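Straight from Swiss-Prot, the features:
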- Thr158, Lys185, Thr196, Glu275, Asn399, Ser404: substrate binding site (BINDING)
- Thr196: active site, nucleophile (ACT_SITE)
Amino acid sequence: MFEIIPIKGGVNAPQGFYADGVSAGLKPPLPNGAPALDVAFLYSEDVLKPFTLFTSNRFQAAPITHFKHFIKGKESNFVLINTKNANAMTGERGVQDVCDILSSLTQKFPFIQNPIMSSTGVIGQYLPKEKIIASFASFDFNAKCENAHTRAADAIRTTDAFSKEIALRVRLDNGESFCIGAMAKGAGMIQPALATMLCFITTDALVPQNEGDRILRECAKTSFNAISVDGDMSTNDSVFLFANGRSGVYNEAAFKEALKMIMHKLATDMVRDGEGSTKLVAFEVCGARDESQAICAAKALTNSLLVKTAIYGEDPNWGRIASTIGASGVECNEESLRIAFDSVVVFDRGQICFDEENEARAAAVMEQESFRITCDLGIGEGHFVAYGCDLGYRYIDINADYRS
């Protein structure tokens, strides 16, 4: 058995890691005139091989290409993150820009080994190399400021309304413990198959090198690969897990449960922070022929514009839900389908349960900031939960002006 305890510190909570955020002038100043944080770093006192997940978009951004060609399989102790510019669709020049920036970094700080770069922002623009390189003068690895992790989480934001970070301590029955910390960004271009996001996870658990990638993939299946804001897949999606083993402690079940909690929290925060969203909705599909069909139906619901706009209008239009399931290609029929808003059943095995009272109850459910729509296909044992949000006017406002 084990106990999982929330703690402070974000990615800096585990032993041997330090992250901070600085301003490179990539973002405009804040309303009060102060410079906005737009470059972050994550430094590990130990060199290690990170466990990774990347976007399945065929047009992968230059930082991902650089990692796969120059860093993969090597030990690293540093990640440099910039916002405002994705360095995607920039070809060979984009990769060379990454090489130039990281070369300047290692010249200034010789203790940095095989640094990794991660970018997020507008696609199709070249990096402002000089500004990013100039920001290195603000890097302080000795300050160990208590709020540095918060600055780092703030610096990686793009259209995010709030920073996303979390830290947990896992205590085993024998009294031994380890920590996991994380920070992430993501609010738009969120689509299953990672989502448009960056996530950096640190731990002092002694994770075996041959287990980390598998566990990361398994935890992503029900978190980052189970969310959607707008159905668009980014070129830059990346998840990094750094494990230095300093605690000397590891228990697979405990580690996996804590990592799953962290990734689920960050993933649902992304949906909750979806550009212009006001609702977080869990779309639970059960009774499908198998898990793959449950996944297909659940993700179809998260991406349906008609379903999303009905949620925004707090309209329990269950017909849109049924139609989306029917169009998803999964095995289903009216006689076995059951649809409920939380505990309010509106359609049950071919019977419409949508009288005036039930409609009012379902509408009341939809007034909440977070609720569940359950669709039981009544065919098999397949089950999956995907997370989505509504779609309102604010999403259009944000994305119509995104480059400005």
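Just so it is clear, glycine is given a Cβ too, placed from its N, Cα and C backbone atoms.
Locations of recorded Swiss-Prot features on the structure.
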| residue | record | DSSP (3 states) |
| --- | --- | --- |
| Thr158 | substrate binding site | coil |
| Lys185 | substrate binding site | strand |
| Asn399 | substrate binding site | helix |
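For the binding-site residues shown (Thr158, Asn399), fewest C-beta neighbours within 10 angstroms: Asn399. Cβ environment of Lys185 (substrate binding site): Thr83, Thr120, Ala153, Ile156, Arg157, Thr158, Asp160, Lys164, Met197, Leu198 lie under 8 Å away, each six or more residues apart in the same chain.
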